[in-house]
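What follows is a short report on a single structure.
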């Protein structure tokens, strides 16, 4: 569809998905390279989450192929797909989905430990990421004492700890006020270049979407490109 | 306002099905209500049965002229006791003086001389040829109105003209002594209502209540958060209450319906309880119909009120945001637990005898109710340590489990409460059953060793009757008269004809033949030789040759040639026909207590089976709901990191560790609590091994179930929000 900035990290080739009552995407094509960001917009219920699940390897498309980091996601056995996801994909959820009992460092390190990192590496990387993203870690605050923005930054750090080549974000600013929304959005859209990964971000907020390198919209079940307009303000 | 409350009720009904762990809560609440309903129904029926028993017992109780001097004597009575397969029962021997006097309740007429009316249960158990002929001729069965319960063993017998001995009988003016417990009957041989209610409350009602509490608090975290949301939206106590009532209404209604349906068979006809030789009378059940209806109405309202009361106060949850559940650390369980533990173990020394059983039951209840909270506190205190270790080792499961245990000890408490109580029930049932079995074991062993090769018959009658009895015995059956010295229990005088004496190894013709307990005949040893040496003096001649000074310690023994087994029925028939109208024929050392204890043990096993089953449901529900939440919480991390192993580790630390701690604590505390029972009947501590192993296996099962539940929930989880 568009010019790829770096080597392709995500490629959708003729992808169609079927959900109860309707067909989605109608053979969608999308290519996303390292260092590039794409925002997916659309009305509620348009299929944005289905697209993310398809890319995550959790909803097999009715037709077409989904390639992540060069591998056909649905052409591999389930166990390998899970490992491939672990090695190449990170995700930021709308509500953070952090464990409130753990400290931010522990929340981030947990993903690293589960991803196979050693203890020292996981905790060191977690602290470093949180420091870099401006989340307080000094006195080991409990996660549920953080502000909404800090919680989302922690979720971003967690998504980054396994050094993904593809970063997915599902309405990451949906639950934040404007100030926090802007800071989290700025952080997210800076990551493709600073971390050499691709970012696929789902949002219904045009202001956030405009920050992406490219925008696509889901309308009437079809994935359509939106006129390029990048607003990093 | 009315519209709002109706709306909240409707929302509650809907969210009961859709909330986190909603279906588990819905069905476990329905199940808990149903079981609580059945427990309450059981109480009502038990009370009705006890009342009915007392009432019918009083109605058939003879009015002794001695107690009512102004009344005219219309009949004579005498009681004797017999047993069938170790089950004791009473025989009322009657002799009408006034044929116009109404016969005893349940009899269509007075029996003719030598006739006997028998209860249907005894007739079925012993057979018409058995019990029917034992007391003369079978005349018919006793009607329900003359029996304490449909399962009662009872006999009305009228002595034959030849055996009638009016001097040994009491004058009565009729039947019916309202307000008094009957002299004879089933109630005299079985445990009373106090013992029953204590066991029933501990083994069935308590587990059902625990299940209700666990069910009501299932999915508590998300529901408490919703309560906080309602409060934040301005909902007052009444509005929150309506919401909770709406949530509980449908499952509670289903539970009440199931309970009512399950209870209905007892109203249709007599209902034989499985595993115990007891039948609930349909008449008694119908008498309590209005009370049963009332109980179910109270159950409906009471359960809903209990569910409402089990919800936290609004101030306990301040935020609608997903947060750590930081429960206030409660220390009161510790202050209740220790005194209750010490007091209950020494209850026999501290409480008056009449209050021992209820106070013991209450002490056990309090101790066991507080124990899960104690284990929860211990686990809560262990949590930070585990988290530190987990962090140091880089073990995600240990880290997450430690943090969660520290943050939510109440969740752990709920999880293990059921397990602790199940263990306590199992230990108590085992100790009591062991004690009761031990008490009857000597008699059982004796019965197993000699069977019916020797029988004891009383009374020692006149010489003429003794001779007639001896002559009536079939060939190969020998009678001996025996008297235990009133001064020295080890000295026994035995009299009989030479073949009888030789049969038990005594030489005929020797004036005095001291014999050691070991060398004496096996049957004599069982009859007399429990301790020390037995000095047996043989007196040849006949049964009537026993020295007079032996007095009322005299009895008869009947043995078969070469240790052959004898027919109790036949010997009993001959004894009633030739010896005495109220003769008793029993196996030696079987004083009718064995069957009584067996019945109690059967009841105990039935109750503990019910109780442990209900508790297992509660434990399973708690584990399932808790790990549903755990799986849901961790899914966003595990779905991306392929880290399903964290659930295994978490199941080990969050479920297995508390459950194993609870298992050992449960066994130890229950063993300690049973001290007063064990002081009466020694119990081998190793007998607790199967319970401990069973509890550990259950713990392992819980952990596996929890892990599988969490993994499935995590696999089902999908990111949503876009």
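Cβ atoms are placed via backbone N, Cα and C, with glycine included.
Annotated in TrEMBL:
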type	residues	note
TRANSMEM	B:26-50	transmembrane segment
TRANSMEM	B:197-216	transmembrane segment
TRANSMEM	B:248-268	transmembrane segment
TRANSMEM	B:288-310	transmembrane segment
TRANSMEM	B:331-348	transmembrane segment
TRANSMEM	B:360-390	transmembrane segment
TRANSMEM	B:411-433	transmembrane segment
TRANSMEM	B:603-625	transmembrane segment
TRANSMEM	B:646-673	transmembrane segment
TRANSMEM	B:693-711	transmembrane segment
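Tertiary neighbourhood of the transmembrane segment (B:360-390): same-chain residues 198, 201-202, 206, 329-331, 333-334, 336-337, 340-341, 343-344, 347, 351, 396-407, 409-410, 412-414, 416-417, 420-421, 424, 428, 653, 657-658, 661-662, 665-666, 669-670, 673, 676, selected by CB-CB distance under 8 Å and a gap of 6+ residues from either end. Of the ranges B:26-50, B:197-216, B:331-348, B:411-433, B:646-673, the one with the most Cβ pairs under 8 Å to the transmembrane segment (B:288-310) is B:26-50. Segment contact holds for the transmembrane segment (B:646-673) and the transmembrane segment (B:411-433), given three or more CB pairs below 8 angstroms at sequence separation of 6 or more. Remark: the transmembrane segment (B:603-625) contacts the transmembrane segment (B:197-216), by the rule of 3 or more CB pairs under 8 A.
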